[in-house]
């Protein structure tokens, strides 16, 4: 067999063993995809005993390409909600997640100075302690730039030592916070539901009867509140007739307006217009119907809603827009992206015409445009290779193969499309590429570090490294958890999701979800902090490496 064939067979063996190990669970918690790392260590141990070696250049390429695939698809997945999470109600949660990352970096700095651990070892321990594989790849790249030899193998070994408690430490933190504050989960869920009912930001509807005589004869757009674009009027009932109003529709007393918007905005509109009435207009007889359609027509990508002309031509109004799971109030200036889900209302005989303009071709949602994928990867690698010179630093700072593709993917996913190119990727395709990438990366890391793993654990400093990893995992989580609960009064279920998301750890999310099944509270906060946390986890080892290198 050729060297390439042998290498591929070994990688396949590592993946099979590792994924099998990852499926082992103790009380519902397992290593997950991290099992591939230990599969690589096991195979490498026996390869080392039998004197079998693989081509280093081939392994290096596979490792880097796997990392690029993983971080790029992560960026495409979380990009649409990344910038929104920084500006919306997730600001507090993202601030706490940032605190966890900063405290972790401080812990690394303290350990490096106090116990005099080698730079490659402490960065490997850090990546394992926070259970973040792209962090490992970013650290390995910057250490190679600094000229540290054997950084790949030693960092991988240290990562493997710290990884198991990295998972267990998150779960232990959740349990101790619950014990310390004597938290009752049922009450936490009720409090969250009550608070979310008062401050809910998702869209809702209300029917308001016009009783304010000052509004009679005004155009719809001239009513105070509609100019803020926070509320949409999707239907108007006048006597027994239901129609789709336009901005120029003249309002009369006793008209019933079907409004869509956030609760606080709707409350203000009711004060201006009149009284709320219990009249489900969606069930009234008439020639109107509503549909949910998906933007798939390449010709409308990037176009503003006002330029579609579907209201003037067909009397159709867009009442809601769902983008990457986030509901938005559409305005005339909202630009459409591939995969946007629109809730439209119009006459039965014309709504089909509007649908054909927007697309709604379900088969396109299952197709992957490969050209944008490779454009994005290429741009990401180029960005990651650009040096940033900072006075006083011994080497130029780079985003690297972990940071560059991630940043580009976040930006492209936020843009959505350029001309006929769109960066939407079906969830199944995204997951497949992401899993292939991380399996390849972890398999090679395990193979590179596994030769001396057992010897380091039994006869070397393996147990010490585990202890350092526990410190880096546990201290930031507990400090932030106590601050969030004691001073910021954060809901416990949201706090559990925050802890799991700040460590970008799916097994911890599974544990948090199991605390109160079917609530979805932990998953919501996890998704809120995950994008920023992933970005910070990739950048932090590079900054730590340069700062600690200059302090040597």
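Glycine too: its Cβ is placed from the backbone N, Cα and C atoms.
Source: prediction; values computed, not measured.
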Of 67-87, 130-150, the range Swiss-Prot labels transmembrane segment: 67-87
Sequence-remote partners of the transmembrane segment (463-483) [C-beta within less than 8 Å, at least six residues beyond its ends]: 96, 99-101, 103-104, 107-108, 111, 115, 117, 121-122, 125-126, 128-130, 158, 161-163, 165-166, 169-170, 172-173, 176-177, 180, 457, 495, 499, 502-503
Stretch of maximal Cβ-Cβ contact with the transmembrane segment (28-48) [cut-off: under 8 Å; candidates 95-115, 370-390, 402-424, 495-515, 529-549]: 495-515
Contact check, the transmembrane segment (402-424) vs the transmembrane segment (529-549), 3+ Cβ pairs under 8 Å, seq sep 6+: yes
Spatial neighbours of the transmembrane segment (495-515) far in sequence, C-beta under 8 Å, 6+ residues away: 28-33, 93, 96-97, 100-101, 130-132, 166-167, 170-171, 173-174, 177, 185, 477, 480-481, 484-485, 521-530, 533-534, 537
The domain 'RCK C-terminal 2' (277-360), counted residue by residue under DSSP: helix, strand, coil: 23 helix, 28 strand, 33 coil
